[in-house]
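Database features (TrEMBL):
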TRANSMEM  17-36  transmembrane segment
TRANSMEM  43-64  transmembrane segment
TRANSMEM  107-127  transmembrane segment
DOMAIN    108-516  domain 'Ammonium transporter AmtB-like'
TRANSMEM  139-162  transmembrane segment
TRANSMEM  191-212  transmembrane segment
TRANSMEM  224-243  transmembrane segment
TRANSMEM  263-284  transmembrane segment
TRANSMEM  305-322  transmembrane segment
TRANSMEM  334-355  transmembrane segment
TRANSMEM  367-384  transmembrane segment
TRANSMEM  426-444  transmembrane segment
TRANSMEM  469-491  transmembrane segment
Amino acid sequence: MMSTICVRCCWFSEGNFLIFFDIGKIFLACLLACYTPRTAPCLLGWVNDTLFYLVAFLVSIRFIKVSTTDRQTDRQTDRQTDRLTKRGKMASSVVAAWEDCDKIDTLFILVCTVICWTIVPTVGIAYSGYTWRRNSLTAALPAVLVISICSIQWFVLGYSLAYGPGNGWFFGSWTAHLFHRDVLSSPVGTIPAILFSEFQLVFEATVCAIAVGGFVERGTIKSCAVFIALWSTFIYCPLAHMVWGGGVLGEELGVLDFAGGTPVHVCSGATATAISLYLSYPIFRSKKSPLRTPTHIRLHRPGNSFFQLVSMIIIWGSWLAFDAGTALALNFQSVMALCVTNLCAASGALTWSVMTFLESGKWSLDATFMGAIAGLVMITPSAGFIDMPTAFFFGVFGAVVCRQALRIKFTKLAHKWRWVDNGDTFATHCVGGVVATVMTGLFARREVAAYGGLDVPGGVVFDGNVRQLWVQIVEVLVGFSWSFFGSWLIIAGIDCIPGLEVLAVDKHIHEGLDFHETEESLGILVHPEEEDYTPTDKGTIALD
């Protein structure tokens, strides 16, 4: 059987070698016999040996070259195999962790996340409904920016700061989940970590969209974009960690805040208030600019009631998923959270609209919308801790308190102090969030919390836990202070940067920000350059 010298890319074999060797010998023998007959046998033996060693040498070189190539190829194959093996192990670990997740709970939170995501742009639509029609687009656009900026910030650093491992009072970790490292299918409760992260991103984006309402009708969009990135990193993420991520308020004090009385409503309301006050009393470039005059803005009716109607429908419905999904599982606590949220919003909407009707003799969509928002604010921190009758009472009480707080901006004192709350964020989210958080300490029930497997001490009224009231008050004070003063420092710092003046130019505020910040509008308006526009020249449709 013929054996080859080399397995790959070599034509030298034992048979080939002998054939060529014999042919060569015969040829040389004939040649030598013709010229030197006597010495031919000796020369033939010498040539025979020389040819043999020459061919053997060439074969050896070829064999060594091919063998070296084979060894390099084998090493590369081994390395690729190792890499594929490691990747396979990683993939198998991800799949194994996914198998540990509850598929029904995962589907439930997935649906809640998709539904809740609509809240973010809808907040912008609501602000555009509040504002003067020439400011409608610039009131809505910041909420769209929030979606993009917060999504990137949360992916890069936000999630790690809010929910990263560590025992920090104010921050989680700066590096543990940087760029979402190791945030895949490992269960958080019963759902994958990546889904938990996405659901919590909705919270951050919602709070931020509400907070930038302080820029409405006076602030510039470019400064607002920078503010969103800084605020979400240094204000919201630390506060979320303090309450929910194992920080000082949740882990050490034991606050009861189901879906965000302080991290959502107090934080957004205090932030919007800080922005509004700085726009009224700037201290850096906006103050020194001759084109800008900090002043009060005249009150006006809502610019677009249809926007308010659409916003009320979407926010009301989506907030049911917002509170229900906070349970992070499809259990009876999530069902109760949805039911009490709807009842509280309904009682708030009816209370506010009836009070307005009794005062003016007319029904108001704006009043109904504001009442529903007040009810949603009131139920947020307590949705997993109170029963249905208490939720009804929360909605009524919240509407009364927030409506009285709204009267502040109509006073002469507010005009004198340049108090501007055209998004009504202070009256509903800030005041309502404070009241809701404190009342959670009063009316939280240990029995209701147990529907979701939570063991909490309860509140004052039903469980006699007086300490919980003081814990909730501390949470409110810390949350308001952190949000208000931190936001003021951020916006003041932005105002120091040339080109990022936070207050818009007087002319732009007077004519409406839409035409100067965007050259577009959500309202039915005529652009100043197109006042004399006609679709055809001189009334004819003929083409030149």
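Glycine residues also receive a Cβ, built from the backbone N, Cα and C atoms like all the rest.
Remember, TrEMBL labels are computer predictions, not curated facts.
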Exercise. List, by number or range, the same-chain residues at least 6 past the transmembrane segment (191-212) whose CB is under 8 A from its CB atoms?
Worked result: 97-98, 101-102, 105-106, 109-110, 112-113, 116-117, 119-121, 123-124, 142-143, 146-147, 150-151, 154, 158-159, 162-163, 180, 183-185, 224, 227-228, 231-232, 236-237, 240, 260, 263-265, 267-269, 271-272, 275, 322, 325, 328-329, 425, 429, 487
Exercise. How about the transmembrane segment (263-284) and the transmembrane segment (305-322): do they have 3 or more C-beta pairs under 8 A, pairs 6 or more apart in sequence?
Worked result: no
Problem set entry | Distant-in-sequence neighbours of the transmembrane segment (224-243), which means Cβ under 8 A and at least six residues beyond its ends | 142, 145-146, 149-150, 153-154, 157-158, 161-163, 168-172, 200, 203-204, 207-208, 211-212, 215, 249-250, 255, 257, 260, 262-263, 267, 271, 275, 475, 478-479, 482-483, 486-487, 490-491, 493-494, 500, 502
For this session: Name the range, of those listed as 305-322, 367-384, 426-444, that has the largest tally of Cβ pairs under 8 Å with the transmembrane segment (334-355).
Result: 367-384
